[in-house]
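S.K.: Taken from Swiss-Prot, the feature active site covers His113, Lys115, Asp120, His290, Lys292, Asp297, and the record attributes it to sequence analysis. Positions annotated as domain 'PLD phosphodiesterase 1' by Swiss-Prot: 108-135. Swiss-Prot lists 285-312 with the feature domain 'PLD phosphodiesterase 2'. Sequence annotations record features per position, and here Swiss-Prot assigns region 'Disordered' to 388-413.
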Amino acid sequence: MKCGWREGNQIQLLENGDQFYPAVFEAIAQAQQKIILETFILFEDEVGKKLHAALLKAAQRGVKAEVLLDGYGSPDLSDAFVGELTSAGVIFRYYDPRPRLLGLRTNIFRRMHRKIVVIDDRIAFVGGINYSAEHMSDYGPQAKQDYAVRVEGPVVADILQFEVENLPGQSPARRWWKRHHQAEENRHPGEAQALFVWRDNEEHRDDIERHYLKMLTQAKREVIIANAYFFPGYRLLHAMRKAARRGVSVKLIVQGEPDMPIVKVGARLLYNYLVKGGVQVYEYRRRPLHGKVALMDDHWATVGSSNLDPLSLSLNLEANLIIHDRTFNQTLRDNLQGIIVNDCKQVDESMLPKRTWWNLTKSVLAFHFLRHFPALVGWLPAHTPHLAQVPPPAQPEMETQDRVDPENSGVKP
């Protein structure tokens, strides 16, 4: 399957769970025929229970619902939580679950990291937000900053077709009428052009990265990238510096208060290379950054699940939406500029690691390890990931007046 640019879409930016969850739950409540939901993490907390209730109500009124969770990201849902959904008819699957070894999860690599919802063939959501309370702004200092989009329009058919082709037990019909054409700058704000792109471990290994590289090559005035886990390869780093050196304002927002300390260490290894190449680097200090968004000039933007690190670019299953629309671009720019002004600290010379022989050695070793990490993982014993469907709980055998006790055989008096 290969998608082309689709015109005439309405796309709404959603910030954090505060905006994302109500929009998703409302769309599920309006579903008439089919719901498909994929996510990396679903916790059995307040947010997870609200999603559970919305899916349960939809299934009880006859809507066909399918849920795909990652076997590493969502390993601890209770049997009762899942069983109530499957009993109502929800098809519930885990992507490549594996038993723990000495209490540790071993299925770390090649994860299903997409976050997608499709409602009938009318509405879709794509982004980086999981289903857990930590995506709500009132969660506290560890609340995550993140983004998703709500989409209506022709591109929803592409997202649905992608899901149908990647779920088992379905036979998608070919859409011979689908148009493929080059995107042009949208002259009608609000009528967005959109392209659905994804990363897999087969024919689309570098599709998302290629669109980032193309964007950096074509940028004329401005690029803003906000990415939670930033440690890309040489090509993307070189493209960022090259754009900055030809006069493009290149701004990078990374985690200043990361949820994993190694993230900060990894990103700071790149500060010398980027800052001295003209890239403006900002550390987001308000709380952990979990977003994966970018914009270019006044019309290009992307929102999705893909980080710019070895796991997302070389191993995980990811999905992004690329958008050509001046109105959406301006909305995202206003949001990111507000973050830069109010919640970020720009990396200056005083924050750069000192260029000692020890720091240089650490940087070189760490950079090359992370750069070659996907190839090293590739040498591990390969297997075909599988989707494990959770069966409905077994129904207890019903006692009836006509049942015969095997120890007291005979006819009913």
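In case you wondered, yes, glycine gets a Cβ from its N, Cα and C as well.
Explain the structural surroundings of these features, please.
M.R.: DSSP gives His113 (active site) a coil state; it is part of no helix or strand.
Sequence-distant neighbours of Lys115 (active site) (same chain, six or more apart, CB under 8 Å from its CB) are Glu38, Thr39, Phe40, Phe125, Val126, Gly127, Gly128, Ile129, Asn130, Ala148, Ser305, Ala319, listed in sequence order.
Counting only same-chain residues at least 6 apart in sequence, those with a Cβ under 8 Å from the Cβ of Asp120 (active site) are Ala31, Gln32, Gln33, Lys34.
A simple way to gauge crowding: the CB of His290 (active site) has 24 other CB atoms within 10 angstroms, across all the protein chains here.
Taking Cβ-Cβ distances under 8 Å and a sequence gap of 6 or more within the same chain, the neighbours of Lys292 (active site) are Gly128, Tyr147, Ala226, Asn227, Ala228, Val303, Gly304, Ser305, Ser306, Asn307, Leu308, Ser312, Asn320. In the three-state DSSP reading, Lys292 (active site) counts as strand.
A C-beta separation below 8 Å, combined with a sequence spacing of at least six in one chain, links Asp297 (active site) to Ala219, Lys220, Arg221, Glu222, Asn329. Classification of Asp297 (active site) by DSSP places it in coil, neither helical nor stranded.
Residue counts for the domain 'PLD phosphodiesterase 1' (108-135) under DSSP (helix as H, G, I; strand as E, B; rest coil) come to 3 helix, 11 strand, 14 coil.
If one looks beyond the domain 'PLD phosphodiesterase 2' (285-312) by at least 6 residues along the same chain, the residues whose Cβ comes under 8 Å of a Cβ in the stretch are 13, 40, 109, 111, 113-115, 126-129, 135, 141-149, 185-186, 197, 199, 208, 211-212, 215-216, 218-233, 236, 253-259, 266, 318-326, 328-330, 332-333, 336, 339, 342-345, 370-371, 373-374.
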S.K.: Suppose we draw a 10 Å sphere around the Cβ of His113 (active site). How many other Cβ atoms does it contain, all chains included?
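M.R.: Other Cβ atoms within 10 Å of His113 (active site): 28.
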S.K.: In whole Å, how far is His290 (active site) from His113 (active site) when you measure between their Cα atoms?
M.R.: 13
